[in-house]
Amino acid sequence: MNYQFQFQPYQRPFKTPLKTAHGIWNIREGIILNLTNKQGNIGWGEIAPLSWFGSETLEDAIAFCQKLPSIISTETIFTISDSLPACQFGFESALIELNSNPLVDLSKLQYSGLLPTGEIVLNTWKTLFQQGYQTLKWKIGVDEITTEINIFKQLVKIVIETLSSPQKIRLRLDANGGLTFEQAEYWLETCDLINANQDLIEIEFLEQPLSISQLDLMLELCDRYSTSLALDESVANLQQLNSCYQQGWLDIFVIKPAIFGSPRKLKNFCQKNKIDTVFSSVFETDIGQNSALKIASELLLYNRAVGFGINHWFIS
Ligand SMILES: O=C(O)CCC(=O)c1ccccc1C(=O)O
Ligand SMILES: [Mg+2]
């Protein structure tokens, strides 16, 4: 099958720049593309690279699109190199939109809301909870650990004072690989204590405490603490997911479909191995988000909230 192909780069500034252990992020850049079939139907796709996470760069993606002819085949799409995972996602999801039933039911998904870094979290959690979020994520490894643990304990205290059973908040902590082993131990001891002693706030997991090169140490942390751990940066694409799975990771895997690579291959892997997944955004536009959420709702096994909160305060 042949399709007419068009693409257009975009830039969207964050209202408030996003702070993570990787640094400050001001502008989300990507590419919107479309494929038109012989009947004139159009399928939209998005390429939203995240090179600091290990995907291709935006420049790589633009260069790839520029080299393609204006008429491309299904075969071209299914043979995009594994070194261009965000492109694999963008083109394949446009194909999926053209060729499959668009009525995937997204209404059963629960969403996780992203909290801002720093002390302001002591107010924001409540706003998000009142908007209906029961799962929240807070970035750590951004400030001094003593400062962060202190804010964290205040947050837990405030939540416990405010909620009453059966109300409950699940909190995810995302270190973006920014902790040392000793700092991760300190966080996990703190989380284990909280989880053992009350039911109003559950620390659902600690996400990517250490760098990609330290999988052995993260496996050790899984053995030593009862709070769950999730890999994110370590499993940014199919090759990495395969490798971590082979090395024995049995806890949670965060999957960012937009940079992971071929949705078809992702589906095969998840259906074969029944892994415990959290699907998550890379701040793509609605086009990429819709494709990613369809994948999530097909593949989600343990009903964990998806990391696609509506971040009104981030993107203008
Ligand atoms: O996963 C979520 O809940 C929100 C998305 C998120 O945290 C994120 C968004 C863009 C890039 C990296 C990350 C991350 O999980 O580290
Ligand atoms: Mg993460």
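Each Cβ is built from the backbone N, Cα and C atoms, and glycine gets one as well.
Annotation source TrEMBL lists domain 'Mandelate racemase/muconate lactonizing enzyme C-terminal' at 118-228. For the domain 'Mandelate racemase/muconate lactonizing enzyme C-terminal' (118-228), the number of residues in each DSSP class (helix H, G, I; strand E, B; coil) is 58 helix, 19 strand, 34 coil.
Annotation comment: TrEMBL describes Lys139 as active site, proton donor.
According to TrEMBL, the Mg(2+) binding site annotation covers Asp174, Glu207, Asp232. The Cβ neighbour count for Asp232 (Mg(2+) binding site), using a 10 Å radius and every protein chain shown, is 22.
Within 10 Å of the C-beta of Lys256 (active site, proton acceptor) there are 26 other C-beta atoms, taking all protein chains into account. A coil conformation is recorded for Lys256 (active site, proton acceptor) in the three-state DSSP classification, outside any helix or strand. Residues or ranges marked as active site, proton acceptor by TrEMBL: Lys256.
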Assigned element (helix, strand, coil) containing Asp232 (Mg(2+) binding site), judged by DSSP: coil
Under 8 Å by Cβ from Lys139 (active site, proton donor), same chain, sequence gap 6 or more: Lys19, Thr20, Ala21, Leu114, Leu115, Thr117, Asp174, Ala175, Asn176
Recorded positions close to ligand 1 - of Lys139, Asp232, Lys256, only those whose C-beta is under 6 Å away: Asp232
Other residues, Cβ within 8 Å of Asp174, Glu207, Asp232 Cβ centroid (Mg(2+) site): Lys137, Arg172, Leu173, Ala175, Asn176, Leu206, Gln208, Ala230, Glu233, Val254
Rounded distance in angstrom between the Cα atoms of Lys256 (active site, proton acceptor) and Glu207 (Mg(2+) binding site): 13
Under 8 Å by Cβ from Glu207 (Mg(2+) binding site), counting only residues of that chain that are 6 or more apart: Lys137, Arg172, Leu173, Asp174, Ala175, Asn176, Leu229, Ala230, Leu231, Asp232, Val254
